[in-house]
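These notes are about the structure you will find just below.
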Amino acid sequence: FPGLADVSISQDIPVEGEITVPVGSQSPDDDYSTLDEPVKDTIMRDLKAVGKKFVHVMYPRKSSALLRDWDLWGPLVLCVSLALMLQGGSADSKDDGGPQFAEVFVIIWFGAVVITLNSKLLGGTISFFQSLCVLGYCVMPLTVAMLVCRLVLLAGAGTVSFIVRLIVVGAMFAWSTLASTAFLADSQPPNRKALVVYPIFLFYFVISWMILTFTPQ
């Protein structure tokens, strides 16, 4: 196009329309990174998240909080606390020691893994770690029951003490089972919910039995 070289645009011609590039308002969260925050803020944020999950377990309702923002810090603390309180107990004889730390730790985590695999094989829609998170956090009522039983045993190990511990452990066992099923049942196919709830029942029953039969050395 040899004629285009002679064509010039006058600077007096007004330009119509908007020539600015629209820039959306940026929210403060767009440039926010947890790598830039102080360690104290990170710890406090994680503690608040763990505390909220404890509240959801103590007041179980259909909520996705435990599934959406899953973590294993709470289950780890509960498992360690329960194992420490169960450590050093005695059974029927002085020679037969009670459950040790590693035994309790393995039972809780191995049982949670088995239940999670069973849920996945039955067509569950939640992830592996989401299920571990729910099962671990729902051990909290049984941990409270273990603490109460330790306090009751300080007053003696008679019949009244056993009845009190039986009531407390039975109530907390039901609480743990109902709380876990409230979060996990809806993630299973309707015709297979019973196959998922039954292993959860056995899981918390074994832990409850260990708590009920515990007597200090």
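Placed from the backbone N, Cα and C atoms, the Cβ positions cover glycine too.
No curator has checked TrEMBL annotations; they are predicted automatically.
Per TrEMBL, domain 'Yip1' is recorded for 57-210. Residues or ranges marked as transmembrane segment in TrEMBL: 70-89, 101-122, 134-156, 162-184, 196-215.
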Legend entry - Sequence-remote partners of the transmembrane segment (70-89) [C-beta within less than 8 Å, at least six residues beyond its ends]: 46, 49-50, 53-54, 97-101, 104-105, 108-109, 112, 127, 129-130, 132-137, 139-140, 142-143, 146-147, 150, 207, 210-211, 214-217
Inset, instruction - Residue list, the transmembrane segment (196-215) vs rest of chain: Cβ under 8 Å, 6 or more residues beyond ends. - result: 82, 86, 89-91, 98-99, 104, 107-108, 111-112, 114-115, 118-119, 122, 124, 135, 138-139, 142, 145-146, 149, 153, 157, 165-166, 169-170, 172-173, 176-177, 180-181, 184-185, 188
Legend entry - Contact set, same chain, for the transmembrane segment (134-156): CB under 8 Å, 6 or more residues outside the stretch: 53-54, 56-58, 66-67, 70, 72, 74-76, 78-79, 81-82, 85-86, 108, 112, 115-116, 164-165, 168-169, 171-173, 175-176, 179-180, 183-184, 200, 203-204, 207-208, 211-212, 214-216
Inset, instruction - State the residues, same chain only, that lie 6 or more residues beyond the ends of the transmembrane segment (162-184) and have a CB under 8 A from a CB inside it; answer 'none' if no residue qualifies. - result: 57, 60-63, 66-67, 119, 124, 126, 131, 134-135, 138-142, 144-145, 148-149, 152-153, 196-197, 200-201, 204-205, 208, 211-212
